[in-house]
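What follows is one structure encoded as structure tokens, with my remarks underneath.
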Amino acid sequence: MFWFTQGLCFLPAFLVIWSSSTFIVTYIIALFRRDVDIIFPYISDTGAYPPESCIFGLMTFISACAGIATIYARYKFVEKLSGDTRVVSPRLNYTALVFGLLSCLGMCIVATFQETAVTCVHDIGALMFFVPGILYIILQSVISYRAFPYGCSIFVCRARLFIAILAALAFFPTAICAYFVKQTTLHRGKDDEDYPYHVASASCEWVCAFSFICFFLTYIDDFKLFTLRVKTEDVEYSQ
């Protein structure tokens, strides 16, 4: 039996591979077309102009759908685990679910509203992706420690905590330095006054985004342990 056929582990594996490919493919296309600079463009810069904007939008939307499925499957897994062991608060699990779904909604907004077209809405979508996303992985790290040893190994718990801290630390320079970036063009030079802020913000954005994506790699072993089934029931209608 292949590893990706065990349980639902194909969900986080697909999410990580597809999301990483989204950023890399659009970056390569934008670089080939000379729409962005080779060093430290914002992720959104790589999907600002057609045709890469079309590819970025489509692939990001698919990533959001895969994220919703993965986050919901994780929610149901923790719900079942806490129902059997009572080690995780249902409220904590539900709160993590809400933050995860809000992050996926932010991804859809980023994919739909390009940076150069509707900047304000695009920035709101980016904040909706990063802030709830970081809160989600922090809460999942807490859940992992509370569920130990029923959920996963202590190594995985520590790995999740490390990734969550890395993503949180990378977010602050991303947002703070972006505030001081005034240039709106995609091509930037070292002589620009705001260039150091741009480099710091863009590089930390890549770290934050890939930290969030890599967090789902830690779900693979957990997702081998369960599957989800849809149950239908007959409903009797009174006359």
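The backbone N, Cα and C atoms fix where each Cβ goes, and this holds for glycine too.
What TrEMBL records for this protein:
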- 9-224: domain 'CWH43-like N-terminal' (DOMAIN)
- 7-32: transmembrane segment (TRANSMEM)
- 55-73: transmembrane segment (TRANSMEM)
- 94-114: transmembrane segment (TRANSMEM)
- 126-148: transmembrane segment (TRANSMEM)
- 160-181: transmembrane segment (TRANSMEM)
- 197-220: transmembrane segment (TRANSMEM)
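Of the two recorded stretches, the transmembrane segment (126-148) does not lie close to the transmembrane segment (7-32), with fewer than three CB pairs under 8 Å once pairs fewer than 6 apart in sequence are set aside. Among the recorded stretches 7-32, 55-73, 94-114, 197-220, the one sharing the largest number of Cβ pairs closer than 8 Å with the transmembrane segment (160-181) is 197-220.
Outside the transmembrane segment (94-114), and at least 6 residues removed from its termini, the chain residues within Cβ reach (under 8 Å) are 44, 47-48, 53, 56-58, 60-61, 63-65, 67-68, 71-72, 74-75, 78, 121-122, 124-130, 132-133, 135-136, 139-140, 143, 212. Mean pLDDT of the predicted structure over the domain 'CWH43-like N-terminal' (9-224): 90.
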